[in-house]
Amino acid sequence: MLTVQELVDDNADNIPFNWIAGHGAADRAIPDDGMAAADLVGHLNLIHPSRVQVFGQEELAYYTRFDLRRRMHHMDELLIGGVPAILLADGLSAPQDLIDQCDQHQVPLLSTPVAAAQLIDLLRIYLGKKLAPTTTVHGVFLDVLGLGVLITGESGLGKSELALELISRGHGLVADDAVEFSRTAPNMIEGHCPQLLQNLLEVRGLGLLDIRTIFGETSVRRKMRLKLIVHLVRATAQDKFERLPLQDITQDMLGLPVRKVMLQVAAGRNLAVLVEAAVRNTILKLRGIDTLGEFMERQAMAILQSSK
């Protein structure tokens, strides 16, 4: 649950707020209810009273042109609708009746010198990230050739060793062991590392390694977009993998399908090279190049020509 006070504190660097009224309602919650960030804050709108209401110059001019009785009526509609906070943009001064109403009903009233349109944009970006669906996944998250790659698999398969090999080849570490993912946009999942584990990689026999100190600043990343999941599995006689799968394998992550590659762990296999190859192939597919599809077309043409 996000409160008005948290919103003010988290945006103190970009949006300087000044409390005008409703100081006792700092813990007032901003309702989420699964709504998009665009629906949680916007210009004054009586049809959507339950969002953070922003008064710009036009909205304040609209409000002040009415008599006191009409203003009270509009404020009652907002209050009944459960308005979480009222923000005055552009450094505007609040009318005394608005201050009195907010104090009486304990609704936070704040002002800021930031322009109304910019204020709404900043808060929508903030709310979109703050209230995004999140999950924590066990694995290692890396930047491989500019692509966010999550390495998963059961314990003891060498995920951290593989990550260390990739880092030594010039790729970057985002998070190890516990990776926090959030769906920050309808078609985008971002992954980052918890503050406690930043820059750290745990390798059996070596313990904790500070990757940033060992390999330098360019060896770590703050966050990446998830594009590929590489799942490591033990190589057993019972496993039967399709050598040429006709359909891409995907895994659901926060409601989005993410491309997935299965790699068998066996003696003599260079997994780092295989991961790089999988990433390069994924990049080609994102560009619309389907190697298997082109091969099947070539094969079909060869069969057609040989049958003539």
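Heads up, the Cβ atoms here are built off N, Cα and C, so glycines get one too.
Listed in Swiss-Prot for this protein:
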- His138: active site (ACT_SITE)
- Lys159: active site (ACT_SITE)
- Asp177: active site, proton acceptor (ACT_SITE)
- Arg243: active site (ACT_SITE)
- Gly153, Glu154, Ser155, Gly156, Leu157, Gly158, Lys159, Ser160: ATP binding site (BINDING)
- Ser160, Glu202: Mg(2+) binding site (BINDING)
- 264-269: region 'Important for the catalytic mechanism of dephosphorylation' (REGION)
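Location within the structure of each feature annotated in Swiss-Prot.
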residue: His138; record: active site; DSSP class: strand
residue: Gly153; record: ATP binding site; DSSP class: strand
residue: Gly158; record: ATP binding site; DSSP class: coil
residue: Asp177; record: active site, proton acceptor; DSSP class: strand
residue: Glu202; record: Mg(2+) binding site; DSSP class: strand
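By neighbour count, meaning other C-beta atoms within 10 Å, the densest spot among the binding-site residues Gly156, Gly158 is Gly158. Across the region 'Important for the catalytic mechanism of dephosphorylation' (264-269), DSSP helix (H, G, I), strand (E, B) and coil residues number 0 helix, 2 strand, 4 coil. For Gly153 (ATP binding site), the nearest of the recorded positions by C-alpha distance turns out to be Lys159; the candidates were Lys159, Asp177, Glu202. Cα separation, Leu157 (ATP binding site) to Asp177 (active site, proton acceptor), rounded: 13 Å. Within 10 Å of the Cβ of Glu154 (ATP binding site) there are 12 other Cβ atoms, across all protein chains. Sparsest Cβ environment among the active-site residues His138, Lys159 (other Cβ atoms counted within 10 Å): His138. Those same-chain residues not listed among Gly153, Glu154, Ser155, Gly156, Leu157, Gly158, Lys159, Ser160 yet with C-beta within 8 angstroms of the centroid of the ATP site C-beta atoms are Leu232.
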